[in-house]
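See below for the structure under consideration.
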Amino acid sequence: MGKIIRKLSRGGKYDESVEAFKGLDKFGVTKDAMAMNLLMDALAKENTVELAYEVFCEFKDCTSLNIRTFNILIDGWCKARKLEDAGSTMDEMKKHGFLPNVISYACFIEHYCHEKDFRKVDEILKEMQENGCKPNAVTYTIAMHALGKAKQINKALEVYAKMKSDGCLPDAKFIAH
């Protein structure tokens, strides 16, 4: 069913993918967080985060939620440049008892790097640390790569030094960049 939902979404048949999710029971598949996340992710990846949010609103009270549910929306909102909605989703995440994790923050960092707003990137990295969420190699790599593309090599080297001082080791993606 997951493949069907993804293929329908990729083909622009968003309503049909939602209907396939609604009909999961007919095939003996439970509408759980994993199934809902699959649908929401498929919709968000096709630039229809608004529809993914509608699915969330319709099923959040009758389906279990997890942090991935919220991160799908945060990522979709950030990619759609709707940061107010991304922030509201982060607030709702907290109301449901989930603390933002490194993925939650990385969505914002990636957005601000794309916009070359490195002051905001620094603010998000600081907020992460203040909230007890340590950046990882992926987070640092996103920032360093964007700084390098913006020809801010010294700033990229500062981020690398911070990464090392935090005891974070580079991963394969870091080495490839």
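Even glycines carry a Cβ here, placed using N, Cα and C.
In TrEMBL, annotation is done automatically, which means it is predicted and not curated.
As written in TrEMBL, here are the features:
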- 66-100: repeat 'PPR' (REPEAT)
- 101-135: repeat 'PPR' (REPEAT)
- 136-170: repeat 'PPR' (REPEAT)
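Secondary structure by DSSP for the repeat 'PPR' (66-100): 26 helix, 0 strand, 9 coil. Counting residues per DSSP class in helix, strand and coil order gives 26 helix, 0 strand, 9 coil for the repeat 'PPR' (101-135). Across the repeat 'PPR' (136-170), DSSP assigns 26 helix, 0 strand, 9 coil.
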